[in-house]
(Lines of atoms letter the chains of each structure in order from A and count residues from 1; the text may use other names and numbers.)
(Lines give C-alpha, C1' and ligand atoms only; values in the text may rest on other atoms or scores of the structure.)
Protein backbone atom coordinates (compact mmCIF):
# COMPACT_ATOMS: atom_id res chain seq x y z
CA UNK A 1 0.00 0.00 0.00
CA UNK A 2 3.01 2.28 0.40
CA UNK A 3 3.23 2.52 -3.35
CA UNK A 4 -0.33 3.76 -3.76
CA UNK A 5 0.39 7.46 -3.02
CA UNK A 6 3.25 7.34 -5.54
CA UNK A 7 1.01 5.85 -8.24
CA UNK A 8 -1.71 8.41 -7.51
CA UNK A 9 0.82 11.26 -7.69
CA UNK A 10 2.23 10.05 -11.03
CA UNK A 11 -1.29 9.63 -12.40
CA UNK A 12 -2.27 13.18 -11.38
CA UNK A 13 0.92 14.60 -12.90
CA UNK A 14 0.32 12.68 -16.12
CA UNK A 15 -3.22 14.01 -16.35
CA UNK A 16 -2.02 17.53 -15.61
CA UNK A 17 0.63 17.28 -18.34
CA UNK A 18 -1.96 16.04 -20.81
CA UNK A 19 -4.23 18.98 -20.03
CA UNK A 20 -1.35 21.44 -20.19
CA UNK A 21 -0.36 20.12 -23.61
CA UNK A 22 -3.78 20.87 -25.06
CA UNK A 23 -4.11 24.17 -26.90
CA UNK A 24 -6.37 26.07 -29.27
CA UNK A 25 -5.26 26.35 -32.91
CA UNK A 26 -3.50 29.58 -33.79
CA UNK A 27 -5.78 32.12 -35.49
CA UNK A 28 -5.24 32.51 -39.22
CA UNK A 29 -7.31 35.67 -39.58
CA UNK A 30 -8.28 38.60 -37.35
CA UNK A 31 -11.30 36.76 -35.92
CA UNK A 32 -13.60 33.81 -36.58
CA UNK A 33 -17.00 34.39 -34.95
CA UNK A 34 -18.82 31.20 -33.94
CA UNK A 35 -22.12 30.36 -35.64
CA UNK A 36 -24.63 27.62 -34.83
CA UNK A 37 -26.23 27.41 -38.27
CA UNK A 38 -23.52 25.84 -40.40
CA UNK A 39 -25.62 26.25 -43.54
CA UNK A 40 -24.80 29.95 -43.49
CA UNK A 41 -21.18 29.53 -42.39
CA UNK A 42 -18.70 31.08 -44.83
CA UNK A 43 -15.24 30.88 -43.28
CA UNK A 44 -13.13 28.44 -41.34
CA UNK A 45 -9.93 29.23 -39.43
CA UNK A 46 -7.87 29.36 -42.60
CA UNK A 47 -9.09 28.02 -45.93
CA UNK A 48 -11.26 25.09 -46.96
CA UNK A 49 -9.20 22.19 -48.29
CA UNK A 50 -9.24 21.08 -51.91
CA UNK A 51 -10.06 17.47 -52.75
CA UNK A 52 -6.61 15.77 -52.81
CA UNK A 53 -7.64 13.94 -55.99
CA UNK A 54 -7.83 17.27 -57.84
CA UNK A 55 -4.56 18.79 -56.54
CA UNK A 56 -1.91 19.68 -59.15
CA UNK A 57 1.65 21.02 -59.02
CA UNK A 58 0.28 24.47 -59.89
CA UNK A 59 -1.34 24.62 -56.44
CA UNK A 60 2.18 24.74 -54.96
CA UNK A 61 3.72 27.18 -57.44
CA UNK A 62 3.98 30.97 -57.65
CA UNK A 63 6.07 32.85 -60.26
CA UNK A 64 7.43 36.37 -60.25
CA UNK A 65 9.53 37.10 -57.17
CA UNK A 66 12.41 37.89 -59.54
CA UNK A 67 10.52 40.98 -60.73
CA UNK A 68 11.61 44.36 -59.35
CA UNK A 69 8.90 46.13 -57.35
CA UNK A 70 7.70 49.50 -58.65
CA UNK A 71 8.83 51.81 -55.85
CA UNK A 72 8.23 54.92 -57.99
CA UNK A 73 4.50 54.79 -57.29
CA UNK A 74 4.97 54.48 -53.52
CA UNK A 75 4.97 57.59 -51.33
CA UNK A 76 7.35 55.77 -48.99
CA UNK A 77 9.64 54.45 -51.70
CA UNK A 78 9.09 50.77 -50.97
CA UNK A 79 6.97 47.85 -52.15
CA UNK A 80 6.19 44.47 -50.63
CA UNK A 81 5.11 41.44 -52.69
CA UNK A 82 3.70 38.99 -50.15
CA UNK A 83 3.17 35.39 -51.22
CA UNK A 84 0.64 34.11 -48.72
CA UNK A 85 -2.10 31.50 -48.91
CA UNK A 86 -4.26 33.82 -51.02
CA UNK A 87 -1.65 33.72 -53.80
CA UNK A 88 -0.25 30.22 -53.21
CA UNK A 89 -3.05 27.82 -52.15
CA UNK A 90 -0.59 25.04 -51.30
CA UNK A 91 0.52 27.04 -48.26
CA UNK A 92 -2.76 26.26 -46.49
CA UNK A 93 -2.07 24.73 -43.03
CA UNK A 94 1.73 24.81 -43.57
CA UNK A 95 2.38 27.86 -41.35
CA UNK A 96 4.70 29.78 -43.66
CA UNK A 97 4.72 32.57 -46.26
CA UNK A 98 7.30 34.62 -48.15
CA UNK A 99 7.70 38.25 -49.22
CA UNK A 100 9.96 40.27 -51.50
CA UNK A 101 10.74 43.82 -50.34
CA UNK A 102 12.05 46.49 -52.73
CA UNK A 103 13.38 49.86 -51.62
CA UNK A 104 14.27 52.98 -53.56
CA UNK A 105 17.13 55.03 -52.08
CA UNK A 106 15.95 56.12 -48.63
CA UNK A 107 12.77 54.09 -49.09
CA UNK A 108 10.94 53.00 -45.94
CA UNK A 109 8.82 50.04 -44.94
CA UNK A 110 7.15 51.95 -42.10
CA UNK A 111 6.60 50.76 -38.53
CA UNK A 112 4.13 47.88 -38.59
CA UNK A 113 3.32 44.58 -36.93
CA UNK A 114 2.41 41.09 -38.11
CA UNK A 115 -0.12 39.89 -35.52
CA UNK A 116 0.21 36.24 -36.52
CA UNK A 117 3.81 35.77 -37.66
CA UNK A 118 7.49 36.10 -36.82
CA UNK A 119 9.51 37.57 -39.70
CA UNK A 120 13.00 36.45 -40.77
CA UNK A 121 14.58 38.97 -43.15
CA UNK A 122 17.63 38.50 -45.39
CA UNK A 123 19.15 41.39 -47.37
CA UNK A 124 19.99 40.53 -50.97
CA UNK A 125 21.17 43.97 -52.16
CA UNK A 126 21.84 47.31 -50.47
CA UNK A 127 22.00 48.48 -46.87
CA UNK A 128 19.02 48.58 -44.52
CA UNK A 129 18.53 50.07 -41.09
CA UNK A 130 16.11 47.75 -39.31
CA UNK A 131 14.70 47.48 -35.84
CA UNK A 132 11.88 46.49 -33.55
CA UNK A 133 10.44 47.78 -30.29
CA UNK A 134 9.86 45.47 -27.35
CA UNK A 135 6.75 45.47 -25.19
CA UNK A 136 7.02 47.67 -22.08
CA UNK A 137 9.44 49.29 -21.36
CA UNK A 138 9.56 49.77 -25.19
CA UNK A 139 13.24 49.20 -25.84
CA UNK A 140 14.38 49.79 -29.43
CA UNK A 141 16.66 47.09 -30.84
CA UNK A 142 18.17 48.20 -34.14
CA UNK A 143 20.88 47.11 -36.57
CA UNK A 144 22.37 48.11 -39.92
CA UNK A 145 22.19 45.19 -42.37
CA UNK A 146 24.25 44.65 -45.48
CA UNK A 147 24.03 42.09 -48.28
CA UNK A 148 23.72 38.59 -46.84
CA UNK A 149 22.80 39.72 -43.33
CA UNK A 150 19.79 38.21 -41.55
CA UNK A 151 17.55 39.72 -38.85
CA UNK A 152 14.49 38.34 -37.06
CA UNK A 153 11.44 40.35 -35.94
CA UNK A 154 9.46 38.53 -33.20
CA UNK A 155 5.75 38.02 -33.70
CA UNK A 156 3.49 40.94 -32.82
CA UNK A 157 6.24 43.54 -32.22
CA UNK A 158 6.45 46.89 -34.02
CA UNK A 159 9.28 46.85 -36.58
CA UNK A 160 10.55 48.68 -39.66
CA UNK A 161 13.10 48.59 -42.49
CA UNK A 162 14.73 51.73 -43.94
CA UNK A 163 17.10 51.92 -46.91
CA UNK A 164 19.93 54.18 -45.76
CA UNK A 165 21.90 53.71 -48.98
CA UNK A 166 21.97 55.74 -52.17
CA UNK A 167 21.11 52.71 -54.31
CA UNK A 168 18.12 50.38 -54.47
CA UNK A 169 17.84 47.64 -51.87
CA UNK A 170 16.19 44.22 -52.05
CA UNK A 171 15.32 41.84 -49.22
CA UNK A 172 13.33 38.64 -48.78
CA UNK A 173 11.35 37.74 -45.69
CA UNK A 174 9.97 34.45 -44.45
CA UNK A 175 7.00 34.62 -42.09
CA UNK A 176 5.77 31.93 -39.72
CA UNK A 177 2.14 31.98 -40.85
CA UNK A 178 0.26 31.32 -44.06
CA UNK A 179 -1.51 34.64 -43.36
CA UNK A 180 0.66 36.73 -40.99
CA UNK A 181 -1.50 39.85 -41.24
CA UNK A 182 -0.30 43.43 -41.43
CA UNK A 183 -1.07 46.46 -39.26
CA UNK A 184 0.78 49.59 -40.37
CA UNK A 185 0.84 51.75 -37.26
CA UNK A 186 0.30 55.19 -38.83
CA UNK A 187 -2.43 53.92 -41.16
CA UNK A 188 -4.24 52.11 -38.37
CA UNK A 189 -4.11 55.01 -35.91
CA UNK A 190 -4.76 57.94 -38.25
CA UNK A 191 -6.49 56.23 -41.15
CA UNK A 192 -8.98 53.83 -39.58
CA UNK A 193 -12.50 53.59 -40.99
CA UNK A 194 -14.42 55.13 -39.34
CA UNK A 195 -11.80 57.50 -37.89
CA UNK A 196 -10.80 57.32 -34.25
CA UNK A 197 -12.21 60.27 -32.30
CA UNK A 198 -9.61 63.09 -32.62
CA UNK A 199 -9.94 63.87 -28.90
CA UNK A 200 -8.74 60.33 -28.15
CA UNK A 201 -5.69 60.70 -30.39
CA UNK A 202 -4.92 64.23 -29.20
CA UNK A 203 -4.79 63.06 -25.60
CA UNK A 204 -2.98 59.78 -26.34
CA UNK A 205 -0.22 61.46 -28.37
CA UNK A 206 -0.26 64.74 -26.42
CA UNK A 207 -0.91 66.69 -29.63
CA UNK A 208 -3.00 69.69 -30.52
CA UNK A 209 -6.30 68.58 -32.04
CA UNK A 210 -5.50 70.53 -35.23
CA UNK A 211 -2.39 68.41 -35.68
CA UNK A 212 -4.46 65.24 -35.30
CA UNK A 213 -6.96 66.52 -37.88
CA UNK A 214 -4.07 67.19 -40.28
CA UNK A 215 -2.61 63.72 -39.78
CA UNK A 216 -5.96 62.02 -40.29
CA UNK A 217 -6.37 63.83 -43.61
CA UNK A 218 -3.05 62.40 -44.79
CA UNK A 219 -4.43 58.86 -44.51
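Placement of Cβ uses the backbone N, Cα and C atoms for every residue, glycine included.
Where the annotation comes from TrEMBL, it is an automatic prediction and has not been curated.
Residues or ranges marked as signal peptide by TrEMBL: 1-22. According to TrEMBL, the feature disulfide bond maps to 32-49. What TrEMBL records for 65-213 is domain 'Cupin type-1'. TrEMBL lists 109, 114, 119 with the feature oxalate binding site. Taken from TrEMBL, the feature Mn(2+) binding site covers 112, 114, 119, 159.
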Request  = Report the residues of the chain - excluding 109, 114, 119 - with C-beta within 8 Å of the mean position of the site's C-beta atoms, for the recorded oxalate site, in sequence order.
outcome  = 99, 112, 113, 117, 121, 153, 159, 161, 173, 175, 180, 182
Query = Reported as an integer number of Å, what is the Cα distance between residue 159 (Mn(2+) binding site) and residue 49 (disulfide bond)?
reply = 33
Remark   = If you measure between the CA atoms of residue 32 (disulfide bond) and residue 114 (oxalate binding site) and round to the nearest Å, you get 18
Inquiry  = What does the structure give for the C-alpha distance between residue 112 (Mn(2+) binding site) and residue 49 (disulfide bond)? Integer Å is fine.
reply    = 31
Task = Report the residues of the chain - excluding 112, 114, 119, 159 - with C-beta within 8 Å of the mean position of the site's C-beta atoms, for the recorded Mn(2+) site, in sequence order.
result = 113, 117, 132, 153, 157, 158, 180, 182
Query = Does anything in the same chain, at least 6 positions from residue 119 (oxalate binding site), have a Cβ under 8 Å from its Cβ, and if so what?
reply = 152, 153, 159, 173, 174, 175, 176, 180
